[in-house]
Each structure stands twice: as structure tokens, then as C-alpha cells.
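Listed features, source TrEMBL:
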REGION    1-36  region 'Disordered'
DOMAIN    77-359  domain 'AB hydrolase-1'
ACT_SITE  SER154  active site
ACT_SITE  ASP179  active site
REGION    255-282  region 'Disordered'
COMPBIAS  272-282  compositional bias 'Basic and acidic residues'
ACT_SITE  HIS349  active site
Amino acid sequence: MSTLEKQLHMGRLPPRPPMPGGLQSGSKMRMGPGRKRDFSPVPWSQYFESMEDVVVESETGKDSFRIYKSGSEGPVLLLLHGGGHSALSWAVFTTAIIGRIQCRVVALDQRGHGETKVKNPEDLSAETMARDIGNVVEALYGDLPPPIMLIGHSMGGAIAVHTAAANLIPSLLGLCMIDVVEGTAMDALNSMQNFLRSRPKTFKSLENAIEWSVKSGQIRNLDSARVSMVGQVKQCEEATSPEGPKALVEGIIEEEEEDEEENGGQSINKRKKEDDTETKKERPYTWRIELSKTEKYWDGWFRGLSNLFLSCSIPKQLLLAGVDRLDKDLTIGQMQGKFQMQVLPQCGHAVHEDAPDKV
């Protein structure tokens, strides 16, 4: 699992070596005998108060951005997810923050992600994605937007910085980057494609996808995985060969062997055959966005990010899952008190999902 936290969202090296079977130490949540964990999906409505599609006029036509909202008064926390994720990755955090302070939360599916529909979903340049954020704010609030704080995770953190630096939100109150550092991100780009190739191509069900995300350590909080994985995967257009799910089933076997007695002695092979047969007759799920095809934009998201972040005059915060990889510019900036830094250990890269209360 050392690849996942380092590479999927290009954030940082994991704080400790991976355990056999791809699980971080402490992430294997065993339950009592005979009790199975529930991997069924949970709807967005359990965490957000409302959902809407914001239509923005662009040069090429109309673009529709999916947003989820909670709260009715106070400053707006505008939340930007990481690469491959969706606004639903902020679900559990939204409930946590709304319960603590008076604020409004707006979580946005960025172009090419989630349920957002744009004319050109392939254009994921930092400039275009930052312009999207400004356009959505204008569509929501007109010429007099309320005070807004931008909070972005990984790729979303980079886009938040580009948005702030380009002065696209006139009422910007503050900026928070979660677990993204230019130096580490640039280092991770070389091995990103290898990591993406190593992920399962398809899952036979949403439950399967949620189970993979937790057992692989991508999301260490089952509550968050049950709502946020729905935004990462979609049903395939047509039935595909079971090769992808077969690889996935094999990947989960290590942990399942311990559960064999609980399942009344049902053998792994028998279960695997049933899984394969099921896959053949069902339409499996696959990733909503092919991240490997976005490679030409990665450099633009992260290069120069540290200085761009430091150049923003508003109050700034950097939230990290570990201090192992602050780059030179950020180290100097932190010593000069140019931003507030908070480290949340015992988290994976998806800090806001793993530890929403701490965030």
C-alpha cells in the first residue's frame, strides 16, 4: 500500500512501511466472531442537507456542476476533492463541522469527476479547473458572495491555491490545503501510472468497491468509504469480462481466509467460482474517471505550488498526515510564520475521510 498514499493523489510518502497484503498496520478492523462488516453503500442525504446542479454558461455551451450543501448561515466552506474522488468524500467531515460551528458547506464535483457534466471533461488544466470554481461561486451568489473559505484535498488543494492566486473569488476569507506538498507530489508523478495500472479495473458491485477501498487502505474509515466510493465508480455501459473482478477477489482472499470458519466452512474456491459466475451475468462497476489519461495536466497542478500558496495574502493553513516531506519553500515559509501548519498522525492520505473530527 505504500504506492497508494504516495501516488493516487500524489500527496506524500506513507509514514510507515506497508503490512503484507497491502494493509497498513492498524487498518485491519477485525470484529467479533461471526460479525461481518457492512460494506453496503449509504446515500448522500444522510450527510448533506441538499444537492443541486449549478449551470454555468461557457464558451462551448452550458456546463452543469453537481454540488452538495449543508447549513444556512455563516461563512461558506467551499470543499474541493482530490483526483479521482468526488464531493462525497467530504460527507462525514460536513456532518462533523456543521455540528461544531455556524457555517455553510458547499462540496463540489470538479469537472471530469462525480456527477458534474461539462462540454469538455478532458480539459483538466489548473487554469480551467480554477475558472470553474470562480464561475460556480458567481452562479451561486452573484456579485456579492458571502465570505468564503477554500478547502482542498490533494489535487483539490492545488486547484484551491490556483483559484486563490488568480483572485477568482472576491470574498475569499482563507485557504486550507490538505496533504499536498509540491516536492512530494512532483516526486510521485513518475510512479503514478504504475500505481493506476495496479488497481482493479472493475468491481462486481458497489459493496465490492467499498470493501476494496477499505481493505487496500485507500480510505481507512468505513463510514466514509460507504458514502464516498459511490462517487468514484460507475456502472459499466455493458457487461465486461470478469478478469478485473477476478483479480480483485483474489486480492481480498488473504483476509477472507481467516473468516472461513465464520462462513460455515465455505471454501474460497467455491466462493470465487460463484463470484465469477455472478460477474458474468451482471454489469460490473468501473472508475468514473480514467486518471491515467489526465497525465499531461499533473505537472501543471503541482509545479510552483509552494510559492503560489505562500504568495496568497489571505490566512493559510496546511494540514498534513505526516511531516516527513515538507519541501524547502514550505519549510522556510513555515519558519517565517507565513501559514499555520497542523499535522494529524495516524491518518492515510485521505485525511478528511480517515479523521473527519480531527480535521
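Glycine residues also receive a Cβ, built from the backbone N, Cα and C atoms like all the rest.
Note: the Cα of ASP179 (active site) and the Cα of SER154 (active site) are spaced 6 Å from each other. Between the CA atoms of HIS349 (active site) and SER154 (active site) there is a gap of 8 Å, rounded to the nearest whole number. All protein chains shown were included, and the count of other CB atoms within 10 Å of the CB of ASP179 (active site) stands at 26.
Cβ contacts within 10 Å of HIS349 (active site), excluding its own Cβ and spanning all protein chains shown: 28. For SER154 (active site), other Cβ atoms within 10 Å of its Cβ number 29.
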